[in-house]
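**Q** Pulled the feature table from Swiss-Prot, pasting it below:
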| type | residues | note |
| --- | --- | --- |
| BINDING | Gly165, Arg166, Ser167, Ser190 | NADP(+) binding site |
Amino acid sequence: MTATLIDGNALSKTLRAQAAERAAALAARGHQPGLAVILVGDNPASEVYVRNKIKACEDNGFFSLKDRYPATLSEPELLARIDELNRDPKIHGILVQLPLPAHIDSHKVIEAIAPEKDVDGFHVANAGALLTGKPLFRPCTPYGVMKMFEAYKIPLQGANAVVIGRSNIVGKPMALLLLEAGATVTICHSKTRELAAHTRAADIVVAAVGKRNVLTADMVKPGATVIDVGMNRNDEGKLCGDVDFAGVSQVAGHITPVPGGVGPMTITMLLVNTIEAAERAAAAA
């Protein structure tokens, strides 16, 4: 393999240790950072994600609250619970695990979270503020990717960056953060013609579509940085990303693995956002 591996586990360990120090300092002043996680239904993947988030809180000195409800929970009941958490001074961050059951409007639920507790960064107030470069919170996955660029000294200013995927959770905010850092950004998606023509010209490619082998070695410029946000299963049932890792790692300069790349960083930045929320609350108290 010629590419340098961007190790999300190692970087997460460093950043979580820093978060734990900040949490301890806040707790000593009577402001232990608190995160509430709401899970509705029994989606197995969601259960794993929630378990990992709660464990990360416990391991780093955060107060955590897990609310688990059956899939039959009504939308008004969920909104009422969010309202309670908005008013709870022990809770600094509120996270509703997506996807929600079909009868619940996810958009309405996210908008019900107080913007100052929206540690996912999905509320329209934070999403809009991202355009101005002044959000209260940056969405966790793109924020984690930016920390990877910083840690591995990947130059962004003047770089050509391609983001494959246009979701509100990763693609769009990723493009905005790269733009803010001085990159020239192209967003590609399912309707893009000749994807390879864009990716071959890119110094940085972020793949975030949830589709195996969307990026192969012949589509990558030698020495480019490749970030794989995808989370899929291969034919053997093993975790894999959107990138053909075996092939692309022979061409790229830097690459993230799946697992062990972007995934751990997403939870780490959730802790960082919760710390920032707690620090703001403590300063205002």
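Don't overthink the numbers, they just go from 1 along the chain as shown.
Placement of Cβ uses the backbone N, Cα and C atoms for every residue, glycine included.
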**Q** For the binding-site residues Ser167, Ser190, work out the Cβ neighbour count at 10 Å and name the residue with the minimum.
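**A** So among Ser167, Ser190, the binding-site residues given, the one with the fewest Cβ atoms within 10 Å is Ser190.
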**Q** Out of Gly165, Arg166, which of the binding-site residues has the smallest number of neighbouring Cβ atoms within 10 Å?
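**A** Looking at the binding-site residues Gly165, Arg166, the Cβ with the fewest others within 10 Å is that of Arg166.
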**Q** Let me make sure I understand the span of the NADP(+) site: among Gly165, Arg166, Ser167, Ser190, what is the greatest distance between any two Cα atoms, in Å?
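**A** Farthest Cα pair among residues binding NADP(+): 11 Å.
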